[in-house]
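What follows is a short report on a single structure.
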Amino acid sequence: MSSFKLNDPLAPTYRRNYRTHLALEGSAADLNCCYVTNGQCPINGGDFGRPGPAGPFQDNRKGALTTVDTLEDEAPLLSGFSAGSENGTVNSLTSELRDNAPVDHDGMVRFAFFLFGLVSLLPWNFFITASEYWMFKFRDLPSTGKRGGNGDGRVNSTQLSAADLPKGRSILDDSGKTPLQSEFFSALSIASNVPFLLTLYLAALLNEKLPARIRNPFALIATTLLFGSVTALAVVDTDQWQEWFYRLTLVQMLLVAASAAVFQGGIMGVASTFPSEYTHACVVGQSAGGVFASVLQVGVLLLNVPAVISGLIYFMLAFALLMFSILVLVRTQRSAFFRHYVRYSPLPGEGQSSFQRRTSANSVLDDDYASTYESNFEVKVRTGLVARKLWHYCVALVLIYVVTIGAFPGVLVHVEASGRASVLWARLFSPVACFLVFNVGDLVGRLLASSSWSAFPVRRENLLVGLTLMRLLFLPLLFACNVQPRAKPSMPLPVFFNSDFAFIGLNAIFALSNGYLTSASMVLGPKKLEYFLQEKAGAVLVAMLATGMTIGSVASLLFVRAFFHSPKS
């Protein structure tokens, strides 16, 4: 197997320091241009179908294929696949796939991507939504003041509800929080995002080693089984081993996050090879899961459901949805529409590359040489090179989630209602003003992003990065709301926005910008690259998103310890 480099002045470029792994490896003897059709060589001439010399490959710097080339500063990313050129095959291939695609009956594949997006973040959404459950589990046991079924002064874990507390109090009140309660959500973010990030990086590097048709179902099954263990512990009285339960919960979150990362990276990579509306359905599904969890939380509070019973409801619903999504995934992977874009053959060859699969039945290559071309050549692209081409979107996603996770939920969950709040509003303030407002705002932002792709303002990539930098201003503004308890005397941080409406307004704009810019980056980023690179591009962008979440989760814990603390810590 020989390895060669392609050059074409019209193809995308990258910087001098990057050596390419973009190579054609094949068994084409003597490298004669045997794919000449109507006097045109589809490879040696650059773009497929563009005139070129019909003979041995020439080192003529235009469509040259040599054994010694190293692509320099203005060398192309790939010959004949210029995403921005008028005659490039990216637009042609995408158009060809759309024109020849089977019918997506009743939008079932689109619904499937929406569901996959929803369940990819469902464990995280239900972990942070079950806030009363966690606050009850990690409460200060000697100071509860109510005897339960244990006979030792502790409250039985199925007996206490918000209605059992003193007037105007909530389990979520920050007065008298224990260290476990104060730091739980920030610690949960770290336990979720660090393995999420590491797993995504590994998956992005190895996504060609294990096919998505195998990787995604197994990751989803693992997530479901691990989340089942969380559900089982909801009915266990953990008062006598509270700190061990705290550690066990973080370990469970770590394992769930790792398996969910494989699934999310894989499914977003697959969605990136479909038309934009399917990628967007997956992105919207991620946000819709948060709205679903928040609405459920408000309903549970209004019905005065006991704290641990509410946690059991959250986790059982999430477990049921995960089980349902496994069945949908298996069914979807067999549909003609899905396989048309992903190019799964009934019995795919072990050595077949993703590029070879996607240039088979409906390739823009002429039938006379298409089969020979795809059997002799295999395209391999370095993951770092893909990230380099998408650096605007990578930077944007990191910045978006450093800010978002830096504040939500680790800090914002501690915002309290003003002193004039009614009993009902005091109980509903955090679930509504923090979680529901954020999740609805995030969903609206993602929906707005899809309303006018043709005139999308952040197609200007520098503007996209600039808007994400401006979101850094949200951190001091949100911290100036009524977050309780406040900082130590040595590090004062006064409350400037004591109004509930001021916090709700800031949180809504904060969430709207998060959803809008996330959707823009995740949908537009992969479409910048060649069709057969879009799956890898989607996985890379999810890894960048996780990078921002990880940095933000660490920052959140530092913010809580520096500016907000429990009197008992």
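Glycine residues also receive a Cβ, built from the backbone N, Cα and C atoms like all the rest.
In TrEMBL, annotation is done automatically, which means it is predicted and not curated.
Beyond the ends of the transmembrane segment (108-128), by six or more residues, the same chain brings 185, 188, 192, 220, 223, 227, 230, 253, 256-257, 260, 263-264, 267-268, 271, 274, 277-279, 281-286, 288-290, 292-293, 314-315, 317-318, 321-322, 324-325, 328-329, 332, 335, 337-338, 409, 413, 435, 439 to within a C-beta distance below 8 angstroms of the stretch. Annotated transmembrane segment per TrEMBL: 108-128 (among others), in sequence order.
Taken from TrEMBL, the feature transmembrane segment covers 184-206 (among others). Nonlocal intrachain contacts for the transmembrane segment (184-206), taken as residues 6+ away from its ends with a CB within less than 8 angstroms of a stretch CB, comprise 124, 127-128, 131, 134, 138, 215, 246, 249-251, 253-262, 264-266, 383, 405, 409-410, 413, 536, 539-540, 542-543, 546-547, 549-550, 552-554, 556-557, 560.
Sequence-distant contacts of the transmembrane segment (218-236) (same chain, at least 6 residues past either end, Cβ-Cβ under 8 Å): 119, 123, 133, 157-158, 245, 248-249, 252, 255-256, 259-260, 262-263, 266, 308, 311-312, 315-316, 318-319, 322-323, 325-326, 329. Annotated transmembrane segment per TrEMBL: 218-236 (among others), in sequence order.
Taking Cβ pairs closer than 8 Å, the transmembrane segment (248-271) reaches residues 113, 116-117, 120-121, 123-124, 127, 187-188, 191-200, 203-204, 207, 212, 215-216, 219-220, 222-223, 226-227, 229-230, 233, 278-279, 281-282, 342, 522, 535-539, 541-543, 546 in its own chain, all 6 or more past its ends. Taken from TrEMBL, the feature transmembrane segment covers 248-271 (among others).
Under 8 Å from some Cβ of the transmembrane segment (283-305) lie the Cβ atoms of residues 113-122, 125-126, 129-132, 161-163, 313-314, 317, 427-428, 431-432, 435-436, 438-440, 442-443, 446-447, 450, 515, 518-519, 522-523, all in the same chain and six or more residues away from its ends. Annotation comment: TrEMBL describes 283-305 (among others) as transmembrane segment.
If one looks beyond the transmembrane segment (311-330) by at least 6 residues along the same chain, the residues whose Cβ comes under 8 Å of a Cβ in the stretch are 112, 115-116, 118-119, 122-123, 126, 129-130, 132-134, 216-217, 220-221, 223-224, 227-228, 230-231, 234-235, 293, 296-297, 300, 305. Annotation comment: TrEMBL describes 311-330 (among others) as transmembrane segment.
With a threshold of 8 Å between CB atoms, the same-chain residues lying at least 6 positions outside the transmembrane segment (390-412) that come near it are 128, 185-186, 189, 193, 434-435, 438, 461-462, 464-465, 468-469, 471-472, 474-475, 478-479, 483, 507, 510, 514, 517-518, 521-522, 524-526, 528-529, 537, 540-541, 544-549, 551-553, 555-557, 559-560, 564. Marked as transmembrane segment by TrEMBL: 390-412 (among others).
Summarising the annotation, TrEMBL assigns transmembrane segment to 424-449 (among others).
Counting residues 6+ beyond its ends, the transmembrane segment (461-481) has Cβ neighbours under 8 Å at 392-393, 395-396, 399-400, 403, 406-407, 411-412, 415, 493-498, 502-503, 506-507, 509-510, 513-514, 517, 520-521, 559, 563 in the same chain. For 461-481 (among others), the entry in TrEMBL reads transmembrane segment.
For the transmembrane segment (501-525), the list of distant contacts is 268, 276, 279-280, 283-284, 287, 390, 393, 396-397, 400, 404, 407-408, 412, 415, 433-434, 437-450, 453, 456, 458-459, 464, 467-468, 471, 474, 477-478, 481-482, 537-538, 541-542, 545: same-chain residues at least six beyond its ends, Cβ to Cβ under 8 Å. Feature annotation from TrEMBL assigns transmembrane segment to 501-525 (among others).
What TrEMBL lists as transmembrane segment is 537-564 (among others). Counting same-chain residues at least six beyond the ends of the transmembrane segment (537-564), those with a Cβ under 8 angstroms from any Cβ of the stretch are 182-183, 185-187, 189-190, 192-194, 196-197, 200-201, 203-204, 207, 261, 264-266, 268-273, 279, 383, 386-387, 390, 393-395, 397-407, 410-411, 414, 479, 483-487, 491, 493, 518, 521-522, 525-526, 528-529.
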